[in-house]
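Step one of this worksheet: look at the structure below.
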Amino acid sequence: QSLPFESRPFASYGTALHIDLPQPPRAGQRLAIEIDYEAGEGPGGSGAGRGDRGTEGTEGPGEPQVCWLAPEQTAGKQKPYMYTQGQAVLNRSFFPCFDTPSVKCTYSATVKVPEGFTAVMSATSWEKQKDNTFVFKMSHPIPSYLIALAVGDIVSADVGPRSRVWAEPCLIEAAKKEYDGVIEEFLVVGEKLFGPYVWGRYDILFMPPSFPFGGMENPCLTFLTPCLLAGDRSLVDVIIHEISHSWFGNLVTNATWGEFWLNEGFTMYAQRRISTEVYGSAYTCLEAATGRALLRQHMDTTGEDHPLNKLRVVIEPGLLGVNPDDTYNETPYEKGYCFVSYLAHLVGDQSKFDAFLQAYVNRFKFQSITADDTLGFFLEHFPELKEKGVDSIPGFEFDRWLNTPGWPPFLPDLSPGQQLMEPADELAELWAAEGLNMEAVEAVDITAWRTYQLIYFLDRVLQKSPLPEGNVERLSKMYPKISKAQNAELRLRWCQIILKNNLEAEYSKVKDFLHSQGKQKYTLPLYRAMWGGSESAQALAMETFSAAAPQLHVNVRNYVKQILGLEVAK
């Protein structure tokens with residue numbers, strides 16, 4: 001029978017669908033409701049709204065998250081592409097749902113696409129039927145934000161016993177080469193630490209270059225930026241973060257976006273545990289130090305006492321509440337990581353804390369929980385700590401961690417990273433000196449330095465820039481590993497150094513990098529640096545943007561226009 005329905009105001013970022021049932025249902029009664037709907041362009045065109053870590057702001061109200069890309073926004077430049085981005089509250093513009101992480105459900109979908117296109121979804125089973133129709137099923141309950149669809153000219157290649165990479169045909173060889181065998185290694189370590197990987201497959205979809213984010217942990221099928229295809233496996237550890245979400249976030253989920261640290265703080269901790277097992281503690285501490293620097297940068301920019309700089313953020317519907325999408329920043333990741341590290345510090349024994357994490361996942365799997373559930377379980381698991389009253393140690397009270405904005409009261413010890421940081425600090429000092437001591441410089445061999453050590457070195461050089469006359473040119477010649485890198489993290493920093501030193505001879509590298517990808521985290525800082533630089537740098541910004549604009553995601557395009565003082569289309 002047909003049911004009366006209406007759309008009612010809900011919040012600044014969406015309305016609510018109300019359906020009248022013929023009679024009040026009994027608790028536990030199953031209902032089948034069919035909703036016939038159509039999703040189209042909403043205000044602002046094809047928006048997506050997930051701010052990457054370390055970027056400012058995300059999309060405004062009412063942005064749909066079904067992204068339609070023109071051929072020039074893809075790697076192959078031949079065919080269009082579409083994808084969805086559900087986190088945080090954006091899947092409501094894709095299908096009618098309870099768009100909150102507190103509700104979990106299984107789903108199935110039938111997707112018909114044109115000839116020559118393939119559909120993929122975050123699902124445990126995937127079947128191609130006749131007439132270009134694909135049938136998907138997710139057999140485990142997940143929150144609505146993890147349901148994702150992509151359609152394009154995409155192909156796949158196996159890279160492990162339960163993993164394949166998906167990409168446009170022109171990227172598939174590079175993707176296979178970069179990830180062959182590595183995903184399984186990370187999964188096995190994750191399972192050893194946190195318990196069984198329940199999702200069956202772990203596949204990766206390399207998105208078109210205009211994808212504005214780093215990664216999105218859609219279950220069974222992580223969406224990743226193609227910037228991670230460095231050609232030398234130097235960025236594969238970034239995937240560890242998305243893999244860690246398989247336990248923290250996707251299996252045990254924050255019940256509200258106001259406690260996003262339950263997803264991200266635990267995932268950062270898990271990522272660094274896996275990284276320590278695979279790469280050792282020195283390298284992991286160096287990576288964590290770059291994370292801490294990002295947190296410092298963020299808090300300096302916003303002010304420590306900004307209400308978003310606490311772990312429990314007030315998000316309420318209605319015009320006064322915060323849109324969950326506007327709460328993305330470093331705090332839930334890095335301050336959350338510090339709080340989880342503090343809990344480990346209270347336990348004082350890594351293997352006992354590892355066992356706790358496994359018990360925690362097992363206790364709350366397929367559920368959505370609050371920080372009170374997490375901390376209650378922690379104290380229950382360690383009755384001797386509960387007895388000691390560790391939740392209320394002055395200055396480190398659990399309540400203070402959750403509800404007081406500002407710098408974390410406890411910082412984990414990152415000193416094992418010193419052995420990698422010191423040589424990088426010393427080398428940066430040498431390059432910043434007036435009379436360049438080439439003998440001392442040549443005595444330092446950087447051939448064995450891995451990505452984060454190079455990043456740390458370049459961040460130091462950038463801090464000391466502009467360098468004395470001629471030094472940057474010599475640095476460029478001396479280290480082709482850096483100045484000719486394919487690795488996006490190194491390219492970003494080298495471009496920043498070029499601009500800070502106004503090295504016009506290498507401006508083309510800035511242009512090439514901005515043409516090659518559209519990730520928000522790389523694109524905005526470079527336009528800011530150009531716009532804040534010399535006249536020739538400002539001209540480079542305008543020239544680059546006029547050529548690269550069509551391949552950028554609409555949000556990123558608008559952010560760049562704001563930086564360059566151009567009119568943003570309403």
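Even glycines carry a Cβ here, placed using N, Cα and C.
Quick look at what TrEMBL annotates:
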- E242: active site, proton acceptor (ACT_SITE)
- Y333: active site, proton donor (ACT_SITE)
- Q85, G86, Q87, P212, F213, G214, G215, M216, E217, K519, Q520, K521: peptide binding site (BINDING)
- H241, H245, E264: Zn(2+) binding site (BINDING)
- 419-564: domain 'Peptidase M1 leukotriene A4 hydrolase/aminopeptidase C-terminal' (DOMAIN)
- 37-65: region 'Disordered' (REGION)
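In sequence order, the recorded positions near H241 (Zn(2+) binding site) (Cα within 10 Å of its Cα) are E217, drawn from Q87, F213, E217, Y333, Q520.
Ranking the binding-site residues Q85, H241 by C-beta neighbours within 10 Å puts Q85 at the top.
Taking every protein chain shown into account, F213, Y333 are the recorded positions, and of these the Cβ with the most other Cβ atoms within 10 Å belongs to Y333. Summary for the recorded positions E217, E242, E264: the Cβ-based neighbour count within 10 Å is maximal at E264. Q520 (peptide binding site) sits 18 Å from Y333 (active site, proton donor), taking the CA atoms of both as reference points. Shown in sequence order, E217, E242, S244, F248, G249, N263, T267, M268, A270, Q271, Y333 are the same-chain residues outside H241, H245, E264 whose Cβ sits within 8 Å of the Cβ centre of the Zn(2+) site. Look at the domain 'Peptidase M1 leukotriene A4 hydrolase/aminopeptidase C-terminal' (419-564): DSSP puts its residues at 110 helix, 0 strand, 36 coil. Between the CA atoms of G215 (peptide binding site) and Y333 (active site, proton donor) there is a gap of 14 Å, rounded to the nearest whole number.
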